[in-house]
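A.B. asks: Under the heading signal peptide, Swiss-Prot lists 1-20. The N-linked glycosylation site annotation in Swiss-Prot covers N89, N271, N358. Residues or ranges marked as active site, proton donor in Swiss-Prot: E210. Residues or ranges marked as active site, nucleophile in Swiss-Prot (evidence: similarity to another entry): E311.
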Amino acid sequence: MRSIVLPSLALALFSQRARADTTLTIDPTSNWGTWEGWGVSLAWWAKAFGNRDDLASVFFSRNNQAVNGQTLPGLGFNIVRYNAGACSNNSYDGSTMVVSPNIKPSRQMDGFWLDWASSDPSSSSWNWNVDANQRAMLQKAKANGANIFELFSNSPMWWMCNNHNPSGSGSSDNLQSWNYQNHAVYLADIAQHAQQSWRIQFQSVEAFNEPSSSWWTAEGTQEGCHFDVSTMATVIGYLNTELSSRGLSSFVASSDENTYDLAISTWQGFNSSTRNIVKRINVHGYQDGGGRRDTLYSLASQAGKRLWNSEYGDSDASGKSMYQNLLLDFTWLHPTAWVYWQAIDGAGWGLIVGDNDNLTLSSASTKYFVLAQLTRHIRQGMQILTTPDVNTAVAYDAGSQKLVIVTANWGSAQTITFDLTRARTAGSNGATVPRWSTQTGGGDQYRSYTDTKINNGKFSASFSSGQVQTFEVSGVVLQ
């Protein structure tokens with residue numbers, strides 16, 4: 001379900017640089033929106049490592065930070081997705097949580113609402129002291145500069161589930177019909193408690209995670225829950241009411257489908273009332289090179305909705321797959337934010353290699369440094385310009401008159417020339433263009449250079465195969 005199936009056009013664009021040196025022309029008239037930022041989900045890694053100040057610094061600031069003996073450039077994530085857990089180990093009225101035999105303890109996120117005896121969040125049916133590490137990292141992220149927070153759910157509390165198993169029940173709805181509203185109450189109460197007691201204001205609340213998928217089974221490896229589209233619509237209505245009744249400014253985001261095509265189908269299945277409630281469409285990037293990103297963008301744009309790629313992950317530690325899929329998003333999906341899934345994990349998935357159950361850390365993967373090229377330079381508030389090809393992202397900071405270009409070369413070594421002459425002011429002749437280099441095949445991890453000059457609105461740089469570079473051009477006025 002996570003194989004890479006690139007359409008023929010995208011394959012041609014990815015591979016064309018192998019044939020000849022390239023000139024890329026920047027379009028100063030383009031504008032795909034204001035960038036909201038880069039982010040990460042806290043489940044599951046923060047349950048394990050949420051007490052670590054060094055990890056908070058390396059993920060949420062742009063400071064250089066030593067982690068496990070390796071000095072890393074901070075990624076500067078400003079978006080945090082906090083997970084509302086579904087698990088508890090208590091018994092009530094003869095019922096206890098059913099646990100999948102295949103779920104790791106690190107993936108069982110503690111929930112606050114322990115039983116159905118009372119909906120009063122100040123009662124003994126609630127325990128606000130659980131999930132200490134994830135809550136700690138939430139605070140550390142804020143202290144390091146994170147400023148957009150989302151609350152999301154992978155599954156309702158176990159006792160709201162038909163089979164009392166928060167890992168799911170396959171292709172059938174696992175949320176009990178009499179608990180549709182309670183799932184919304186649970187999320188709204190967390191949002192209210194966070195605002196009052198944690199001083200965290202969730203910009204958005206998401207009640208689902210890949211809800212149309214059928215792989216959320218009782219023997220699954222993580223929390224999950226299938227929702228039919230009609231059930232989603234009902235819960236969305238309840239969630240909007242519960243947030244509003246508490247005087248919260250948090251809005252409803254939906255539906256975090258696994259693929260672009262599922263997101264299209266779900267959105268088209270909502271009636272106008274449900275669409276009016278949803279203020280942002282969240283989608284996951286697990287269709288890799290497939291799917292109609294362009295169609296989903298058109299639907300969101302026509303409806304006046306924001307659009308995020310709210311979760312992406314893959315097992316390619318080199319960062320190449322991530323970069324290619326992310327640039328397809330920039331080319332066709334045009335999200336205003338992009339969120340990685342597991343900051344710490346094994347088997348290529350983690351930006352830093354680690355084991356969330358054994359609490360061990362290794363080193364940063366090459367993927368970490370590839371992502372740093374984007375997150376450290378394309379920053380919140382910048383204007384996103386048209387990609388001159390599917391390997392290149394371009395952003396502009398009007399306040400500092402700085403143009404940021406991030407590009408990768410996956411073919412043979414070559415020289416790439418960047419043409420800024422369509423801009424009103426294309427930098428100063430002879431000015432230095434700082435660049436940062438990551439060589440995915442070995443060499444530079446994240447190294448800065450000052451050996452590039454701009455003349456007559458153009459500059460050139462040599463690229464080895466598998467090299468990602470960022471350039472910052474000062475003194476640029478687009479129009």
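Glycine too: its Cβ is placed from the backbone N, Cα and C atoms.
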A.B. asks: Across all chains shown, how many C-beta atoms besides its own are within 10 angstroms of the C-beta of N271 (N-linked glycosylation site)?
C.D. replies: 9
A.B. asks: Pop the Cα-Cα gap between N358 (N-linked glycosylation site) and N89 (N-linked glycosylation site) into the table, whole Å please.
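C.D. replies: Rounded to the nearest whole number, the Cα-Cα distance is 21 Å.
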A.B. asks: What is the separation, in Å, between the Cα atoms of E210 (active site, proton donor) and N271 (N-linked glycosylation site)?
C.D. replies: 19
A.B. asks: By the DSSP assignment reduced to helix, strand and coil, which category contains E311 (active site, nucleophile)?
C.D. replies: strand
A.B. asks: Within 10 angstroms of the C-beta of N89 (N-linked glycosylation site), what count of other C-beta atoms is obtained when all protein chains are considered?
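C.D. replies: I count 12 other Cβ atoms within 10 Å of it.
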A.B. asks: Return only the integer: C-alpha distance in Å from E311 (active site, nucleophile) to N358 (N-linked glycosylation site).
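C.D. replies: Here the two Cα atoms are 25 Å apart.
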A.B. asks: Cα-Cα separation of N358 (N-linked glycosylation site) and N271 (N-linked glycosylation site), in Å?
C.D. replies: 46
